[in-house]
Structure formats: structure tokens, C-alpha cells
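Q: Dumping what TrEMBL says about this protein:
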type	residues	note
DISULFID	C105-C137	disulfide bond
BINDING	Y109, K111, Y128, D135, E324	alpha-D-glucoside binding site
REGION	201-221	region 'Disordered'
REGION	235-258	region 'Disordered'
COMPBIAS	366-389	compositional bias 'Basic and acidic residues'
REGION	366-435	region 'Disordered'
COMPBIAS	407-429	compositional bias 'Acidic residues'
Amino acid sequence: MIGRGLLAVGLLTASTSATVYFKENFDEKWESRWVVPSKWKAAEEIGEWAHTAGEWFGDAADKGIKTSQDARFYGLSAKLAKPFSNEGKDLVLQYVVKHEQRLDCGGAYIKLLGPELDQASFGGDTPYQIMFGPDVCGSTKRTHVIFNYPEAKGEEKNLLIKTDVPTRTDQLSHLYTLHIMAANNSFNVLIDGESVREGPLEESWDFRPPKTIPDPEQSKPADWVDEEMMADPADVKPEGYDDIPATLPDSEAVQPEDWDEEEDGVWEAPMVDNPDYKGPWSPKMIPNPDFKGAWEHPHIPNPEYSPDPKLHARATEVTAVGFELWQVKSGTMFDDIILTDSLEEATEYAKETFWKKQEGEKAMFEKAEEERVEKEKAEREEMKKKAEENGEPFEEGDSPFSVSDMEITEDEDEDDEDWEDEEEEEDENSFTMEL
């Protein structure tokens, strides 16, 4: 096992076939390796990073960094020992995220930065090459995978994945892994070691123009029949159909005994719906014998398309990693970052760090949750007692805790179910890697 004091920024050769470009577990000397931008925002807008094991943990001595002030921007970057590119080789970016505050709006993503980085000015406008990790705000909950692609058509060069990747929003630590594979220009996003999205890079981002386009020389024939159903020409409107009134006087209504025609006028029975009225007449519909189906525009090869065999090379002269975030409610933790060209190396690092802490962290969280529930119950009983003594009403739903204090919510249960449903769908449509 690698000692904690050695897990610092650097270029570490893990084996003859794997290289670690960056590794960080936020030991006691972490501040000597990371820089908070001083020129990005006003000092009062920048949040402070806390060095802590968190509120629940598997090892009190194993600390990470945590956002500590609400409604603040957070910036932090660290240099690599030397720049690197992943052309011709895999890229694995992995780190641990924990939202102790139940993140309601804010980012928790990490960025790979290029040679133009000025650490003192690092912020939202600083160019980046890869942005990866959770982003949550209201009902939008996703794991960003954004690649900078200078060759992209149009002004926007930072390309979002076409279909949102799920994320985790509970209060425990989760391991996020991005694996880009050079052999077949594909990718895999894993959360806690399980794939949540994988496939070919070209099909999942708009890197290249489409392979085919509608043939401009072709158009739908004038006699093409799109209508699957048609009015039955043999169906004729019944005689007198339009004379049927929509309403009728209520035959069961009786004039009130105290009705005075001199004061109230002539009594008329109230109107009720006519059961024989069927609405405006229209002929019944029958299958159209001339229906040819939906017309599909023929496609031809797009002359502007050409494949890019180097789509996997999304890291070109990466010089640093960084966090550039906004959080409405603070409390997100980061730990155990690794940047390497080997999924096996990243997996081994996770075994030495993340997975060793999980059981203890979960047990401590569950105990804290039990204590919270008991405390809430006791305070509710006290509120009820005082209300009864004062002769005031007390609703069973009254609670001394605000909604934001509640760790477990129905929405979170639904989020977990949606995430599991999406996982099942992904399994059914999983991409088969062809190396």
C-alpha cells in the first residue's frame, strides 16, 4: 500500500505499462500544492476550503477538502509535474465526491486545464480540455462529461454529451471514473465501479458533421399519401341529425310551491343534457387503401464528413487539474484524485482509498441518522407537550426541523429509482467494445 505522505502531485510510474500523471489524497501538506485564485472574484465571493474528514467517515485521519460557506464561488487548481497528452493511449480521470449537505444547487466537477492557465486568475472563463463530474440544480441532476473540441462546427467548442449521464445525490461518498479508450475511440463513465454510460465517442458527442444528409435532389412525390385513415365515403349523416338539441328541459323538475309569476316571471324547467345528442356529426374513419406509410427522405453521404481517428485524444498538453464551482449550500467534499492512462491503476488506487472507507462511513452515517430521528421525535414531543399546556392546537406534522435538515426525502427515493431504472436501460442497450 502506498503511504499517504507519498500520494502527492507528481509523475509516478506505476508499472512498465501504466503511468500516473497526478495523484492527490489531500494530506496535511495539500495547501502547498494547490492554489486558490486571487484574481477571479472579490474576496467576499470566494468560499473557503475546509480540510476535514467530514461529518461521517471511515477513517478520522483520512481527510479531504470541503466547501464550507454557502452561496460562494470555489476555485482551486494544482499543477502536474509535466504536461501530458493522451494521444494513442487511454485516459482515466477518477475522484471521490460526497455531498454531506444534500446538494440542491451547485457543481462538483473537476477540470483538466491546459498551458494557458494562470492559477491566480483561474475561473469560469478559463479554457479547459475536459470537465467531468456531478452538477445538480433543482430537478437537473447529471454527471457532466464535456470535451473541448477545437474542430467542432460553430462557435461552441465545449461539447456536452448528447444524453445526460445520471449522478448520485445522497450524502455518502461516491467514486466517479471517466475512462477514454484509445483503441476504439470509445468511453465509459462509472460510478462506484459500475458503468452508467458507455459507447463510441463519435456517436455520443457532436464532434463531427453527420455521416449522411438528406438528398437535396429528392423531395416527397406530390401523390404520396400520408394519411393512414380516411373518412368512410359510405357513411352518411342520418336525416334530422342536426335537429337534435344539445339540451332539454328537465322533465322531472317541478315548479316550486312558492313561485310567484308576478315577481319571478314565468317558471321554466332547468335544462339538462340530451342523451340523444352526439355532438357534431363526422363520418367514421376507415383504413386508407392508398396509404404508403410515412415518407422518408433519402440520405446521401455528407461531403463535409470525415472521421477523426484521434477523437480519444481529448487531453492535449494538460498542465493542471482544477475545481471551479458555485454552490448555494456548501458541504461537498472531494478526495482521492487520480489521473492515469490505466483503468487497472485507478481501480487499484480506489481499493486502497475509497473502498476501504465505505463500510465505516456508511455505519457512521446511519448512526447519525438514527440520532437525528430520535432527536426530532423528542423535540416534537416537547412541542406537543407545550402546546397542550398552553391550550394551543398541535399538528402531528409539526417539526422542529426545517425541510433542508431532513436527510432522507421522498424525492431522493424517486431519484434513486430513476437512476436504477436508467441503469437497467443502459444494461439492455450496452455498447460492445471492439478492441
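Placed from the backbone N, Cα and C atoms, the Cβ positions cover glycine too.
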Q: Any idea of the Cα spread of the alpha-D-glucoside site, Y109, K111, Y128, D135, E324, as a max distance in Å?
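A: Among the residues the record ties to alpha-D-glucoside, max Cα distance equals 17 Å.
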Q: For D135 (alpha-D-glucoside binding site), which residues of its chain lie six or more apart in sequence with Cβ-Cβ distance below 8 Å?
A: G106, G107, A108, Y109, K141, R142, T143, H144, T167
Q: Here's one to test understanding: among the binding-site residues K111, Y128, E324, whose C-alpha is closest in space to the C-alpha of C137 (disulfide bond)?
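A: Going through K111, Y128, E324 one by one, the closest to C137 (disulfide bond) is E324.
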Q: If I take the alpha carbons of C105 (disulfide bond) and E324 (alpha-D-glucoside binding site), what is the distance between them in whole Å?
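A: Their Cα atoms are separated by 14 Å.
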Q: Which site among Y109, Y128 has the most other CB atoms no more than 10 Å from its CB, taking these as binding-site residues?
A: Y128
Q: Beyond the listed site residues Y109, K111, Y128, D135, E324, identify every same-chain residue whose Cβ lies within 8 Å of the center of their Cβ atoms for the alpha-D-glucoside site.
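A: Neighbours within 8 Å of the Cβ centroid, excluding Y109, K111, Y128, D135, E324: G107, I110, M131, F132, G133, H144, I146, G322, F323, L325.
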Q: Considering the recorded positions C105, K111, C137, E324, which residue's Cβ sits among the greatest number of other Cβ atoms within 10 Å?
A: K111
